[in-house]
């Protein structure tokens, strides 16, 4: 390579182009041999001494030069600023370690052959091998890596429940307590999959399984509730100690299960839990949420959040629902409870829970007999309405129990906030749950005068979220004058809230941008009527009045409303113009022709001809009226106030006249067919039926719009000023 340190020669094949693979190893071996031959290796290992001489510096330069000329251009670029040979050498070594692909480590598993055979049998679902008792029963408790699952865990995870049932024959109750890496027992898997019979059998073998919590802080009951397995959840609940749920982890577990039951609409379980421990309603779980808050997020569980047609409301009123409470547990639960108390594993139950476990009636529940632990409902009517009314009755009972507990809480703001009552109350207003708001205020009157974080009152929030049913509760209140005069922290009045654009979720329920604009104007005018007239011109901290806010926030909606109106008028006026053309022509071409001498129609004295003339005239006049109304829509100014009555009225008249014109046109056509076919109904009826199909389709598509516009403009409206006293 070289004979002296002054003349360094490195073979070209030793040039290092990249690090991170075997090329670096080859290069390092080659360079190390060279440095040893030139007595430079010690310098690379130890580096330059602190008091280095000129000869030592020369050796460092020689070694550094050897490294530099043996590196490719890319690597040389990265180390060219280094002046120490040792530092350059170490830097390249570090770069190699960093750029090497990480080797995949294979876990060392100490497993015997029979373990693998058992694993294979379970994984492939070879039930016959399990039934033949080829395996030592002690192997059933072996935990396979990496999830530390027993054969029973594996079979349950694979969903092979027949295999699980077979494996249970070779296991005792204690083995069922084995948990995998996630803390799950086999009962957790069975509960999550809704395997009721297997779950009952496991609980019978080892009741302690009901109280085993996995790493996600979930019991088998919580798994069943979370997966919406109602029958299994009711079964597991009837055998689970409510006192234990209330006590463990400071009540967080019980609160979480209660919240999950409400979300899954398992109201029978939820009501029973609250009857035993009412404070669970406001007890926070691990996520700082509680049952009261969950209930306030479910408007569909209450009548105020349900929209029914008139015939559905009639049937709904006839449905009879009886709610048997408390739940009656099975004999297993009663026996299990007495065993727990006698063995000292848990404290005695509360007095109410003792009544529940023994089946004794309580003061809080109607004395209704049940056949088993499931809530039995006697109802008559459509199944969907049956279920709907059951949900409403159960949620009302759940709300009553929740508010009953709220009445026992100190009414100061700090206590109500710490229990999550303020948050639940605000969410109930936001979601328009009238029942929740009424019951909560009755239980805790201080809520009526509460303000949220923005300084807004109950009814300011109702206006902000356009909850008219909540706003209607304001009318009968004696404190109405003081409530409507409040302002928030930004000096916004209730009228300012009405001036802000409605949430998109509320607007989307109204068809057509013009009707949405009309609804916004109705809200603004109603709030304007309620508040003190002196507040109408109040400005907020931004210097804006309520009307200025309304104009600014509704500019895009007004433009969309104008476009919607014109598009509707355009499509309808085309139809009306076509009808005018047809009816005008038909008036001068009577069916059956005219007399050549007198020019009078041949069927002038026929009563069907008189029907033809009358219906033709009505259709022509109605279509002309419709076109004129639609023309008025095109030429409108489209100011904000026009959307309130002027434009909707023109559209109502135009569409109504168009429908009359279409109906009269069909009657004209029928009369013509009768005359031409000489009253041969065998031909008249099918022809008339086919001709009426497209017209009927048009009416079906447009009539709901007309009906909605009419109700919105001239109907009863959404505000109920005669709301009866409720507090």
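Every residue gets a Cβ built from N, Cα and C, even glycine.
Feature annotation from TrEMBL assigns compositional bias 'Polar residues' to 359-375.
Residues or ranges marked as domain 'PGG' by TrEMBL: 562-676.
Taken from TrEMBL, the feature region 'Disordered' covers 339-375.
With a threshold of 8 Å between CB atoms, the same-chain residues lying at least 6 positions outside the repeat 'ANK' (147-179) that come near it are 118-119, 122-123, 125, 127, 130-131, 133, 135, 137, 139-141, 185-187, 189-190, 193, 195, 198, 201-202, 205-206, 208-209, 212, 214. The annotation repeat 'ANK' is assigned in TrEMBL to 147-179.
Taken from TrEMBL, the feature transmembrane segment covers 569-588 (among others).
Sequence-remote contacts of a segment are chain residues at least 6 beyond its ends whose Cβ falls under 8 Å from one of its Cβ atoms, and for the transmembrane segment (608-631) they are 569-570, 572-573, 576-577, 579-580, 583-584, 586-587, 590-592, 601, 650-651, 653-655, 657-658, 660-662, 664-665, 667-668, 671-672, 674-675, 679. Here TrEMBL flags 608-631 (among others) as transmembrane segment.
Panel annotation: around the transmembrane segment (651-675), residues 514, 565, 568-569, 572-573, 575-576, 579, 582-583, 586, 591-592, 603, 606, 608-609, 611-612, 615-616, 618-620, 622-623, 625-626, 629-630, 633, 683-684, 687-688, 691-692, 695, 698-699, 702-703, 705-706, 709-710, 713 of the same chain, lying at least six beyond its termini, place a Cβ under 8 Å from a Cβ of the stretch. What TrEMBL records for 651-675 (among others) is transmembrane segment.
What TrEMBL lists as transmembrane segment is 681-699 (among others).
Look at the repeat 'ANK' (147-179): DSSP puts its residues at 20 helix, 1 strand, 12 coil. Here the domain 'PGG' (562-676) is broken down by DSSP into helix, strand and coil counts: 89 helix, 2 strand, 24 coil.
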